[in-house]
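Following: one structure in structure tokens, then a few remarks.
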Amino acid sequence: MALTSFLPAPTQLSQDQLEAEERARSQRSLQTSLVSSRREPPPYGYRKGWIPRLLEDFGDGGAFPEIHVAQYPLDMGRKKKMSNALAIQVDPEGKIKYDAIARQGQSKDKVIYSKYTDLVPKEVMNADDPDLQRPDEEAIKEITEKTRVALEKSVSQKVAAAMPVRAADKLAPAQYIRYTPSQQGVAFNSGAKQRVIRMVEMQKEPMEPPRFKINKKIPRGPPSPPAPVMHSPSRKMTVKEQQEWKIPPCISNWKNAKGYTIPIDKRLAADGRGLQTVHINENFAKLAEALYIADRKAREAVEMRAQVERKMAQKEKEKHEEKLREMAQKARERRAGIKTHVEKEDGEARERDEIRHDRRKERQHDRNLSRAAPDKRSKLQRNENRDISEVIALGVPNPRTSNEVQYDQRLFNQSKGMDSGFAGGEDEIYNVYDQAWRGGKDMAQSIYRPSKNLDKDMYGDDLEARIKTNRFVPDKEFSGSDRKQRGREGPVQFEEDPFGLDKFLEEAKQHGGSKRPSDSSRPKEHEHEGKKRRKE
């Protein structure tokens, strides 16, 4: 038995088999054609209404002039349709050359690989073959020089052609040609047997436009060649492979605007939740426990703070009630006129409280100085020990600094002094300064009168009118008052209390709302504290 009997039948025929089958089909068609029909035009005189339309209607002749229609015998004169079909070409073996498709629009010298054998590397049979040897240095230099000259020539021609005005081309050297005429004789060629002709290139006009119009349409070159198919033929996919290749669409877990129906297994597979194990960190438990403990301690602290606040509020309330009871008891005793033995103690306690309050103010002042800015601190320390007269008497002239001790001259040469027994034994009378200090009119005017030079910018030109204006005049005066009394021009003046108003007010403050005045009198050392009041 032959080996071909075991092999399966081929699914495709080879090129030789296809050509043989085509030839056999053509021979069978020729054998089956029994009658060969040949069409001829009607004879002359019977061609009325006949119009030639096919090539067979013309026969072997040309057009019919008596028939006035467009005629194309042998398709002469007919416009051919444009077609991109290529003519079939065959190789020396008679096979169709399919590489003509890849060679369309390419030069004939271009190497195009269109066969499978072109991908297989050639086997080197002889390593010493001269065609396989690398060229030497001289050949490389020669080829390089030729390439450079050719490129320079091409580039120079294109650059010169693009320029509107160019220099004249360099003329070729003259050529000398020896000419021997065919007609020899005295009558011909001036009797000369030979002539030497000097051939010179004709000068070209640089501004001359081109004489010939080149409008040749060059066919467009083919695109990149198709990629060779290097994979096995496609085979039909099985149902299992089709199901495996079904990729679920990208559907969000929150939005599904198109309303796709996604199986739950596909959605979980796309989500990837089951691909990893969930591991809870132990720090979460520690954090929860710490938060619980902190919350419990905070609640306990709040509860204890609330209890302490309630206790303090209760004590404060009791203390306030006790104070109110004491004040009520003292008020009842004052209404009843009952003397208390603690009045003296209250006066001493009040003095101690005043001293304590003054010391507290001094300490507060020292703290403020320590916390103040450097510039402000220096200013406060400078004004701390100044005399009160320097602070308030801003208009006095600046006293000259001298090392001599100054005395009040009014204390000398007085009739009342240590030898006069202090005004007849009245040691409580304070009349040492019985006259005004520097009571001159000029000094009073300089202190209590604004300066024109300094205050003119503030008050303007009506300074005199403002000074003369009585700004502190009452609308309604007392009866019996002297309106013609001249106003004072000096400093503030004081007078003694002639009616004892200060004593009366002091007793009223001491007894408060008591109906019966107390028999106790003020101490003697406080008797003359309020004997002077301010006079305006």
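Including glycine, each Cβ sits where the backbone N, Cα and C put it.
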Looking at 59-79, 101-121, 122-142, 437-457, I want to know which stretch Swiss-Prot calls region 'Interaction with PPIL1'.
59-79
Using a Cβ cut-off under 8 Å, which residues of the same chain at least 6 positions beyond either end of the region 'Interaction with PPIL1' (59-79) come close to it?
40-41, 47, 50-52
Ranked by the number of other Cβ atoms within 10 Å of their own Cβ, which of the recorded sites LYS115, LYS122, LYS170, LYS240, LYS509 ranks first?
LYS115
Composition by DSSP (helix, strand, coil) of residues within the region 'Disordered' (212-233):
0 helix, 0 strand, 22 coil
Inter-residue Cα distance where the pair is LYS158 (SUMO2 cross-link) and LYS141 (SUMO2 cross-link), in Å:
26
In the three-state scheme derived from DSSP, which category covers LYS170 (SUMO2 cross-link)?
coil
If I take the alpha carbons of SER234 (phosphoserine) and LYS240 (SUMO2 cross-link), what is the distance between them in whole Å?
17
Nearest-integer angstrom distance between the alpha carbons (Cα) of LYS509 (SUMO2 cross-link) and SER232 (phosphoserine):
127
